[in-house]
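Feature table excerpt (Swiss-Prot):
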BINDING   Glu11, Asp59  Mg(2+) 1 binding site
BINDING   Asp59, Asp61  Mg(2+) 2 binding site
DOMAIN    5-90  domain 'Toprim'
Amino acid sequence: MSKIKQIIIVEGKTDSDKLKRIYGNDLKTIQTKGLSINKKTLEMIKEFNNKTGVIIFTDPDGAGKKIRQTIIDYLDNKVLNAFIKKDDISKTSKKVGIAEASDDAIKKALDNLIIYDKNNVSLSWTDYINNNFYLKSNRIVICKYFNFDNNISSKTLFKWLNWMNVSIDDIKKIIGEYES
């Protein structure tokens, strides 16, 4: 198993513990303490992102999306993201988080990192609408391809596709592969 050099941003202690159980105690994490993420923590994340890089790995729920968005908005440059889906969480668990995901789902997420750069503009809103990428059926296909939660809004998906520098042709190919 390859060593992770970046610092992983998680929501809480149980998430850190789960990742360290899988990857070893040398793994470095920063805990946001859920939605109570503060400016001091954001500054620390920014500093580490500029030095070693960070991976944002938040829970696949509303709070996790909000925390991810807060961090990305605060950073000046590219940032790595890992995603698990709610389907990756144990059906018997009352919580929906990284700590409740299977080891395989976590490894898959960290092996398939997605780079976000908020300075990218690869897709216009007009192109997004005119190509029907906003339709729920197409959004589900796109989300499944990138391992995003299927319930993200059309505006969020549009923003994320731009940050990833995904072109119209790339999206058409993703949808076309699913339909064939």
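Every residue gets a Cβ built from N, Cα and C, even glycine.
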Rank the binding-site residues Glu11, Asp59, Asp61 by how many other Cβ atoms lie within 10 Å of each Cβ and give me the one with the fewest.
Asp61
Kindly state the mean pLDDT of the domain 'Toprim' (5-90) in the predicted structure.
93
